[in-house]
Amino acid sequence: MQADIVTIFPDYFAPLDLSLIGKARAAGLVDWRVHDLRAWTHDRHRTVDDTPYGGGAGMVMKPEPWGEAFDAVLGRADAPPTLVVPTPSGEPFRQATAHEFAALPHLLFACGRYEGIDARVVEHARTRMPVREVSLGDYVLNGGEVAVLAILEAVVRLLPGVVGNPASLVEESHSVAGAGWLEYPVYTKPLSWRGLDVPPVLLSGHHGQVAAWRAEQSLERTRARRPDLLPDTPPAAEIGDAELA
Ligand SMILES: Nc1ccc2ncsc2c1
């Protein structure tokens, strides 16, 4: 997989080399290039933003540098990459999205800052490559860089050969294979720690009983913390009605 990242804070991505993702790069399983958006500015102050049309607080990222940055990446690519734009107004980025992205040969990440990127950048990009605007959750960061780090980790770890034991990718929270329930609690030595003991079933050697206990734990956690992940969960209003009935 090839990833290009365009940002005004290229140093944000230095930690990528420290992690498992860095090992994947060394093994040739993934490569990424980080580009400073200001390389495509032409004024003395290397300006990347301006005031918003229609008024309002904050600044908006100018379209010209982004257009030239995408021109440069596309000009070097054999085929158009998929443009991934982290934004609070995007589609939810889920484990299924990570699997989709892991199957793509080339991702181009645009890290917005300020109040966002001039909308014409994505509008124009859609005429020359697939575009996915994605949200990591209902909260706002100061920019897309942290989101891209999270997305890259979620995606690259799914690439064949990156994670030592592929089986460990199966029983994870939100794992597609695990029906998307939350992960069960895990334990290791010592048997007793500060008066807290490992659940005896995990010491039984009964794989069937262990599997059943883990499934029950996953279901219990999912019911408690993420009922929205369970099938046939009526909207909250209906749940209220049912309880009142
Ligand atoms: N550009 C930008 C600004 C805020 C934000 N929050 C989550 S992703 C994102 C992207």
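Quick reminder: no glycine exception, Cβ is built from N, Cα and C everywhere.
Listed features, source TrEMBL:
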BINDING   GLY112, LEU136, GLY137, ASP138, TYR139, VAL140, LEU141  S-adenosyl-L-methionine binding site
DOMAIN    1-230  domain 'tRNA methyltransferase TRMD/TRM10-type'
REGION    222-245  region 'Disordered'
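Feature map: TrEMBL annotations on the structure.
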{"residue": "GLY112", "record": "S-adenosyl-L-methionine binding site", "DSSP class": "coil"}
{"residue": "LEU136", "record": "S-adenosyl-L-methionine binding site", "DSSP class": "coil"}
{"residue": "LEU141", "record": "S-adenosyl-L-methionine binding site", "DSSP class": "coil"}
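Cβ environment of LEU136 (S-adenosyl-L-methionine binding site): PRO86, PHE93, ALA147, ALA150, ILE151 lie under 8 Å away, each six or more residues apart in the same chain.
Look at the binding-site residues GLY112, GLY137 and count other Cβ atoms within 10 Å of each Cβ; GLY137 has the fewest.
Per-residue pLDDT, averaged across the domain 'tRNA methyltransferase TRMD/TRM10-type' (1-230), gives 94.
Within the set of binding-site residues GLY112, GLY137, ASP138, TYR139, VAL140, LEU141, GLY112, VAL140, LEU141 have a CB atom less than 6 Å from some atom of ligand 1.
Counting only residues at least six positions away in the same chain, the Cβ atoms of PRO88 sit under 8 Å from the Cβ of TYR139 (S-adenosyl-L-methionine binding site). Across the binding-site residues listed here (ASP138, VAL140, LEU141), the residue whose Cβ sits among the most other Cβ atoms within 10 Å is LEU141.
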